[in-house]
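Annotated in TrEMBL:
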- E112, D130, L132, D133, D255: Mg(2+) binding site (BINDING)
Amino acid sequence: MNFWKKYSAGFPGPDFKAFVSRTPKSELWKRGFEIEESDLYMTSNSNFLKLCQEAFKAAYDATFELVGTDSASSFVGMGADGTPTTSIDQVAEDAIVEALKADGRSMRVLSEELGELIIGKSPEFSVVLDPLDGTYNASSGIPFYSVSIAFASHDLSDLRFGYVSNLALKEEFHAEAGKGAYLNGKTIRPSHNSDLKSLCASVYGYRQNVERTRKIYSNIRRVRLFGSVALELCYVASGRLDAFVDVRRALRVTDVAAGQLILEEAGGSVTDGYGNLLRLPDNVTARVDMVASNGHVHEKILHLLSGG
């Protein structure tokens, strides 16, 4: 009989998996729980990386022939997030959802196109998915688009694991809560730049909120807009950019969840556009602002946004 079915029914309280994950295997055996390493798979964050890599491969295999073609941008409907869904978006999402289902664990999935999906009967965790962040880039053959996957407890404020991988370049960023952030397995850190005059940042707000961003444009050295928020956050995490600013009130939880954890685990800072704690919405329709930085310039950017 499955370990979890065998013992969880008689365990007092709802937190059987939490009890197993924090109790040494030797102690579990003493208490009569006949547990094997394969059973511990269900409680380990480290297995999220393997699942993400499988999901990435599924998306890559499904989309690589579409990239840069007219078919990629074909309209197929409206996504649950209220934005148009293209053919390449749908193909990527379908491939990743199948990979998640094949994992065997029960989970709640939030994704741009389908909205909410419950896999299994009793979700153990939540998955925040952007199957293709940078749709225009992918459709146009610009090699800057990504798969973004975040894992959280049922409360999205408790992010456990984040994964962002460039589908064109196969650069893989990931982070586990409390264990740092990595690019292709190597530890990453943000830049140490604290001088606005030499700052390089992604700054979105050039149309909807130009008055708030005007002083940033006139006080920093370089602005770069790449078109994939998840990857841009990872670029801040790895020191390639010094900051990321988006005050259009346009970002969805699927855009930022994985990148936020990766940046914070690398040592960077993330707030909303006014310096408050960024609270991730629990749906794909709500929108947020974001200021993300190496930490050294964060307050200076917020000061500029406030009109200072």
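Just so it is clear, glycine is given a Cβ too, placed from its N, Cα and C backbone atoms.
Remember, TrEMBL labels are computer predictions, not curated facts.
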Taking the centre of the Cβ atoms of E112, D130, L132, D133, D255 as the Mg(2+) site, the remaining residues of that chain with Cβ inside 8 Å are L129, P131, G134, T135, S146, S148, V229, A230, R252, T254
Neighbour tally for E112 (Mg(2+) binding site), based on other Cβ positions within 10 Å of its Cβ
27
DSSP on E112 (Mg(2+) binding site), three-state: which is it?
coil
Protein Cβ atoms within 10 Å of D130 (Mg(2+) binding site), excluding its own:
34
Among the binding-site residues listed here (D133, D255), identify the one with the smallest other-Cβ count within 10 Å.
D255
Cβ neighbour count (10 Å, all chains) around L132 (Mg(2+) binding site) is 27
Please report the three-state DSSP label of D255 (Mg(2+) binding site).
helix
